[in-house]
Amino acid sequence: MASVRHESLDREDREDVPFLDSSDPNGAGQTHRHVPKPSIGSRPEANVSADAISFRLKVILFSMILAVEVGFAFLDGPMVRIMESIACRQYFAVIDPTQIGADGQVPEAMCKIGEVQAELAAVKGYHMFFDGTLSALLAIPYGLLADRHGRKSTLALSLPGFGLNALLTLVILWFSDFFPLRALWFTALTWLLGGGPVVSFAIIWTMMADVTNEAERAGIFFQFAIVSMGADFVTSAFSSYLMTLNPWVPLVIGFIIIMAGMMLILLLPETKHALPSRQEGPTHVELSDLTNDTEPTHLHKQNEADINGDFEDKPPSWSIPSYSHRSLRAKFRANYRFYLKPYLFILGRKPVLLLLSAFLVYRLSRGSSWFLTQYISTRYAWTLAQSNFLVACRPLVSIPLFLFGLPYLKKRVLNPRLSSTEKDLWLARRSIFCLTLGTLGIGLSPSVATLIPSMIVQCLGSGFVFLTRSLITTLVKRDETARLFTAIEIIQSVGNVVASLSITTVFQIGLRLGGFWIGLAWMLTSTLFCLVGISIWSFRLPPSPTPAVVVEDYDEDGRA
């Protein structure tokens, strides 16, 4: 029923309608239209306020994305090199201490053996596993908090978590003679403060959705992608140079830049009520509601009476009621309503479920990219600085693709009769094909000469996730976007958890087998990309609601 209801959404529920409805100055034809209660969204000055908030938000979010992407680009290569040197030193301290130099280090060329690389892969893989598991568990409660108390205040809770995570990571790596390398796994506990990157980026996407409509959203997502890729290229290249001098320098710089970017949270405006709701019922129905859209709130309150007491005349509270005298079943029902029921609208919409499955498998298949620098260094006997630089060059393909290639295809090549959403779907299908072919080539490449063309083909599909995010956003109403983006981040976090275990294991197997099989993880992920391709090629856009709008207009004029 939910899917049928969604497909027949009227124009007030769609993402591309104006923020303020135009009204007939004579009032003609409005007899049968349900007129919502006056609100701030009905005043002309609301447009000016919304535009100002939108511009300010976009500037700050772009600055945050730039700073955080620059910081993480500084971190990736140096972190791998420092962890490799620690694992290598600890290995030779047991096997052959004479290989350890006077400076306490082992030459990098001697660290490419399978035992050291397998330990490095285990530390990295399980580190991502613990990060992803905890983030997934925290995403729903923090997502609910964001809709009840605001995006900005919830996002600000992540500041101490990011700071503590950076501090503990530096302490463990610096005092590696005292702390084992696997102690890095415990840094995941810092995400209890704020929910970590999963929650932060879910809120950032939601804030962007709060002040954009369907027509501009795909462009905004691509602009985010371009900023990220540009930052990756410039800073990863610079970080690779600094690594040749001392890997600790770019590592510390990276953490400083990340914290500086996260501090911009304090400058963000609140966006929860930046734009008026376009629904005829309650003005804002999001994660904070303890029911889905198909059940009126007043009916839900009546059902809660037997669980929470007499709350009919009280608004929902963020805190979960006390159950000292209630049964376990009552506790379960209340927790179900509080945590899970707001997301049930997703289950009734098959197109949304299909695209969400694509996000899950895509994240699984992207797991191999975490080990790409290590893979190149091990298979082709390159230093990690050289490998990191080659990986950093991928935006040289991706940025022109986003700036010129995809826009040219949409405007000049594809049928102009196709809607923007239909064009996005066409491009998403071709993008997943490039990802599949390029990833398989990376795993099979016997030399760098064949690796580089394979990486180029893979980069041609880099717009897939942004195209898919734009597609899925058009399938829900604005008041459902917060829950949708939270669900996406949870699914991707689950994908990270599964990938961190499976890809790590497969990569370790490939390292032990050696030779051709070192690329086994990329052969596996290309198969997963095939599954994503099947999902996207099976997806069909829901029928356009335009005919229903025409009939409604006839009714208003009294002609039918």
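Our numbering is plain: 1 for the first residue shown, then up by one each step along the chain.
Here the Cβ of each residue, glycine as well, is placed from N, Cα and C on the backbone.
What TrEMBL says about this protein:
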| type | residues | note |
| --- | --- | --- |
| COMPBIAS | 1-17 | compositional bias 'Basic and acidic residues' |
| REGION | 1-45 | region 'Disordered' |
| TRANSMEM | 59-75 | transmembrane segment |
| TRANSMEM | 126-145 | transmembrane segment |
| TRANSMEM | 157-176 | transmembrane segment |
| TRANSMEM | 188-208 | transmembrane segment |
| TRANSMEM | 220-242 | transmembrane segment |
| TRANSMEM | 248-268 | transmembrane segment |
| TRANSMEM | 343-364 | transmembrane segment |
| TRANSMEM | 384-406 | transmembrane segment |
| TRANSMEM | 427-445 | transmembrane segment |
| TRANSMEM | 451-472 | transmembrane segment |
| TRANSMEM | 484-510 | transmembrane segment |
| TRANSMEM | 516-537 | transmembrane segment |
Fill in: Within-chain partners of the transmembrane segment (484-510) [C-beta distance under 8 Å, separation at least 6 from its ends]
118, 121-122, 124-129, 131-133, 135-136, 139-140, 143, 198-199, 201-202, 205-206, 209, 287, 343, 346, 352, 356, 359-368, 370-371, 375, 469, 472-473, 476, 517-521, 524-525
Discussion item. Cβ under 8 Å, sequence separation of at least 6 from the ends of the transmembrane segment (220-242): give me the contacting residues as numbers and ranges.
Written reply: 58, 62, 65-66, 69-70, 73-74, 76-78, 208, 212, 249-250, 253-254, 385-386, 388-389, 391-396, 398-399, 402-403, 406, 462-463, 466, 469-470
Discussion item. Between the transmembrane segment (427-445) and the transmembrane segment (516-537), are there three or more CB pairs that fall under 8 A, provided the residues in each pair are separated by 6 or more in sequence?
Written reply: yes
Worksheet, complete the sentence: Same-chain residues at least 6 beyond the ends of the transmembrane segment (427-445) with CB under 8 Å of its CB atoms are 365, 368, 372, 406, 409-410, 451, 453-464, 467-468, 471, 519-523, 525-526, 529-530, 532-533, 536-537
Discussion item. Can you tell me which recorded stretch out of 59-75, 126-145, 248-268, 343-364, 451-472 has the most Cβ pairs within less than 8 Å of the transmembrane segment (188-208)?
Written reply: 126-145
Fill in: Close approaches to the transmembrane segment (343-364) from elsewhere in its chain (Cβ under 8 angstroms; 6 or more beyond its ends)
1-3, 6, 140, 292-294, 464-465, 468, 471-472, 475-476, 480, 483-484, 486-488, 491-492, 494-496, 498-499, 502-503, 525, 528-529, 531-532, 535-536, 538-542
